[in-house]
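Just below is one structure, and these are the notes that go with it.
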Ligand SMILES: Nc1ncnc2c1ncn2[C@@H]1O[C@H](COP(=O)(O)OP(=O)(O)OP(=O)(O)O)[C@@H](O)[C@H]1O
Ligand SMILES: [Mg+2]
C-alpha cells in the first residue's frame, strides 16, 4: 500500500516552494536596488551641495577681492535648500584665510558647547567632497570650496550634513517596497492558479485509477483541457480504461470459447466410442469411427499441448537455442515441410528470397513454430486453393519475413484484438477449431528472439503478417 505520511498536495507543495524562492529572489533584488538608490541619492545631493558651495564662493568676494558676507547669503542659501530634499538643513560655514569661522549657519553658539567638528581637519583634507566624524562619533559628509581671487585662496565655503541625511531616500524606498510587495503577491497568485489548473486533471486521473482498482472501468473523465500534454494524459487514460473494460468483458467470453473448443472433441469422441461399444456400428464402419476418434484425440492433444506450452512460456520458461544459420535456406525448408503435409491441391506457396546466403544467429525451431502458425492461419482464411507468398528481405536491423495470403482478411474492429490470447475472429470461430493462441504465442516467440510479429495490412483481398528477426 502507499505510505501517505509526509505527502503534501501538489498545490501546497509547489505554492510554498515557489513563493519562498520568489521571496528570496525579490529580497536580494530589493537589497541591491536599495543600496544602489542610496548611493545614487547621496551622489546627487553631494553634487548639488558642491554646486551651492561653488555659487556661494563666487558671490562672497567683493570688488576689492575681500571676503564680504552680505545679508543676501541666508536667502540665497535657503532658496536652494528644497533641491536637496533633506529633512534638516546642512551646516554652512565660511572660513577666512586664517582658518577662522567667520560665518556659521546655524550660528555656532546654537550647536552646543564648542564647534561640532574639527573644521581645520576638513580644510586640510585633500579632497573637496568627503566624510568626517563629528565629536559625537557620527559620520558627516562635507563639501568644501575654496574662495579665490586673482589665483589666491582667501577663504573656504564648507557645507556639512550627517551621512544618514545624505543617503536617506524615503519615497524611493517606499516605491521599491510597494513594487516588490506587489510582485510577490502577483507571483503567488500566478503560481497558485497555475498549479491549481495543473493539479485538477491529475487528481481526476488519480481518482479514475482508484475506480479502476475497484473494478469499475466506466470512469468519468469528461473534463476538457486546453494543454496538449494534459489532454494527451486524459485521452490515453480514457483509452486505457476503455480497453480494460473491453478485455474484461472479453475474458469471460473467451474462456467460454476455450471450454467449448476442448469439450467438442471430447463429446464427439465419447459418442463415437459409445456407438462402437454398443455395436451400433460394426466392421469397416466401426474402424472408420475409431479413425475419426484418433484424429479428434490428436487435435485435442495438440490443443492441450498448445495451452500448456503457452502457459509455461508466459510464466517465463522460454527455451531458446540459437544457432548460426542461413535464413533463406531455413525458410525454404520450413515452407516445404509445411506444404508437403497439407492435403493435395489445397495450398500453393510462392517464395521470394534474395539469391544469397544470409547468416543469422537465431533459433530455427521457434522460427518454424511462428511460420507454421502464420501459414496455418493463412490457409484457414483462404477459400479454395490457398495461395500464400513468403517474402524474405533485409532491413536495417536484420531480416523481415512477410507472409501474405489472398484470404478473406481481418475485419477492422478485430485487427487490434488478434494478438490477445484466446481471441478468435467471428468468422473463424464457427468454422475451424482452435484456441486463439496462435498469434499471441507467435508474437511472444518472436519477441523472445529479439524481434517482433506485426500485422502489416489486411483487407478483403488478403492479409500480410511480418516477422522481424534482428541480425544479432
Ligand atoms: N491470415 C489471416 N486471415 C484472416 N484472419 C486471420 C488471419 N490470421 C489470423 N486471423 C484472425 O485472427 C484470429 C486469431 O488468430 P490466432 O492464430 O491467434 O488464433 P486461431 O487461428 O483462431 O486459433 P489457433 O491458432 O489457436 O488454432 C483468428 O481467429 C482469425 O480471426
Ligand atoms: Mg492460428
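In case you wondered, yes, glycine gets a Cβ from its N, Cα and C as well.
Any TrEMBL annotation is an automated prediction that lacks curation.
Averaged across the coiled coil (223-250), pLDDT for the predicted model comes to 87. Residues or ranges marked as coiled coil by TrEMBL: 223-250.
The feature domain 'HAMP' is assigned by TrEMBL to 196-249.
TrEMBL lists 257-472 with the feature domain 'Histidine kinase'.
Annotation source TrEMBL lists transmembrane segment at 18-39 (among others). Here the transmembrane segment (18-39) has long-range neighbours at 167-169, 172-173, 176-177, 180, 183-184, 187-188, 191, meaning same-chain residues at least 6 beyond its ends whose C-beta is under 8 angstroms from one of its own.
Residues or ranges marked as transmembrane segment by TrEMBL: 175-195 (among others).
Within the same chain, residues 198, 200-202, 204-205, 208-209, 212, 217, 417, 420, 423 sit at least 6 positions outside the coiled coil (223-250) and bring their C-beta atoms closer than 8 Å to a C-beta of that stretch. Note on the transmembrane segment (175-195): residues 10-11, 14-15, 18-19, 22-23, 26, 29-30, 33-34, 37 of its chain, located 6 or more positions outside it, place their CB under 8 angstroms from a CB of the stretch. Helix, strand and coil counts from DSSP across the domain 'HAMP' (196-249) read 40 helix, 0 strand, 14 coil.
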